[in-house]
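Enquirer: Below, the features straight out of Swiss-Prot:
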BINDING   12-18, 40-42, R305, 331-333, 413-415  GTP binding site
ACT_SITE  D13  active site, proton acceptor
BINDING   D13, E14, G15, K16, N38, A39, G40, H41, T130, R144, Q224, T239, R303  IMP binding site
BINDING   D13, G40  Mg(2+) binding site
ACT_SITE  H41  active site, proton donor
BINDING   V299, N300, T301, G302, R303, K304, R305  substrate binding site
Amino acid sequence: MANVVVVGAQWGDEGKGKIVDWLSEQADIVVRFQGGHNAGHTLVINGQTYKLALLPSGVLRPSKLSVIGNGVVFDPQAFLDEVKKLQDQGVAISPDNLRIAENVTLILPLHRELDALRENASKATAIGTTQRGIGPAYEDKVGRRAIRLMDLADLATLPPKIDRLLAHHNALRRGFSLPEFDAGKILQELTAFAPKLLPYAETVWRLLDIKRREGKRILFEGAQGALLDVDHGTYPYVTSSNTVAAQAATGTGMGPSTVGYVLGICKAYTTRVGQGPFPTELTNEIGEEIGRRGKEFGVNTGRKRRCGWFDAVLVRQTVRTCGIHGLALTKLDILDGFDSIEVCVGYMLDGKEIDHLPAGEGAQSRVEPIYETIEGWKEPTANARSWADLPAQAIKYVRRVEELVGCPIALLSTSPEREDTILVQNPFEA
């Protein structure tokens, strides 16, 4: 029996929500370990659509325990709004089935404002953030001035913490010629949040260790994708946290040895939101068609996603940086009907062939994809639930992807419905 980490193997939006929901049926606990409410995902269950951003996918299964780990940055108001929306849809959410790490960093209104100010200050310096305060909150965490959930349990300690926080933020506000934040107002807001949030507070590392020793199955749910990792992604066009699989340990307080299987999620093509390099991007009618078929718009922001062919170089790189054991390939059905399909198998950089994406921003912008053409298929793959339901050429495409990225396909998704999944290897039994 293995505890399983699920990570995006591209730039996010790979369909992690559906796969995590599908796997959560076999898990006892589902844990978020990084990011915030900037990465939304949609789940379709029995015809009902649910949109999640901050909450783990496990909340949709009442018998499971969901956990938000210390690696997450936590927006109190966004949390309460999301809980209310799901409760209105009939989803039961309470401290009985949801716990939040007591040492999680809080996102405050000042973080959201700073995020927006920076992003909108100049198009030349914009990196495409969601303006939800994620980056500034992580900055305060690393700068050792963040307000954490546990601080709400002892309100008397908050004033000096707020003063320390504002010593930094009000200096920035003055630089923007904006009025300073009022410490009293922030204290008032945090005081109001305390009774609503503290019932969920938990010493998460201890809770998970106890559950692990009891033999419970733990599913670690990543947000965004490995190519947005602050260290290993396309810097500076990345998120502000580590999104690779190793963060599952750091972001929950579990040791690395507790992770038994890493499942990477990737689309049968590639998408990206916002700025940054994208070697296989299609700016033609084919790219538009993939976007229309795949409904490639952000769950939270509604932003249109850039679309391109499958990039085996990038996914192979992610397989290495995340230690991925198996891949879940999603949205294969979007490629139905194309006469031919291109797959990137390498790059040319300044006249030389390379087998990875360089770390430098300048070099990243100069790489040119080397494509291999694969014959398409006319028969539909949508809603397939076994290999026998797939066209022969679609199976050849999947097998070629496996060869190029050096990793087996463990799951194949053919629609947003959780039942439309072909299982090759069960990650919990690997």
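Using the three backbone atoms N, Cα and C, a Cβ is placed for every residue, glycine included.
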Enquirer: Return the count of C-beta atoms lying within 10 angstroms of the C-beta of T42 (GTP binding site), excluding that atom itself.
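Expert: Total other Cβ atoms inside 10 Å, all chains included: 14.
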Enquirer: What does the structure give for the C-alpha distance between G12 (GTP binding site) and N38 (IMP binding site)? Integer Å is fine.
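Expert: Per the Cα atoms, G12 (GTP binding site) and N38 (IMP binding site) stand 11 Å apart.
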Enquirer: By a 10 A CB contact count over all chains shown, which of the binding-site residues listed here is most packed: K18, R305?
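Expert: Highest number of other Cβ atoms within 10 Å: K18.
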Enquirer: Go through the recorded positions N38, H41, R305 and tell me which ones have a CA within 10 A of the CA of G15 (GTP binding site).
Expert: H41
Enquirer: Helix, strand or coil by DSSP: which one applies to H41 (active site, proton donor)?
Expert: strand
Enquirer: Expressed to the nearest Å, what is the distance separating R303 (IMP binding site) and H41 (active site, proton donor) at their Cα atoms?
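Expert: About 13 Å separate the Cα atoms of these two residues.
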Enquirer: Counting only other Cβ atoms and using a 10 Å cut-off, which of the binding-site residues G15, G40, G302 scores lowest?
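Expert: Result for the binding-site residues G15, G40, G302: minimum number of other Cβ atoms within 10 Å at G302.
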Enquirer: Considering Cα atoms only, can you say which of K304, L332, T414 is the nearest neighbour of N38 (IMP binding site) among these binding-site residues?
Expert: K304
Enquirer: In sequence order, which residues at least six apart in the same chain have a CB under 8 Å from the CB of L332 (GTP binding site)?
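Expert: Counting only residues 6 or more apart in sequence, the Cβ neighbours of L332 (GTP binding site) under 8 Å are A268, T381, A394, Y397, V398, L412, S413, T414.
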Enquirer: I'd like to know which of the recorded positions H41, R303, K304 has the most other Cβ atoms within 10 Å of its Cβ.
Expert: H41
Enquirer: According to DSSP, which kind of secondary structure is Q224 (IMP binding site) found in, if we only use helix, strand and coil?
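Expert: DSSP assigns Q224 (IMP binding site) to coil.
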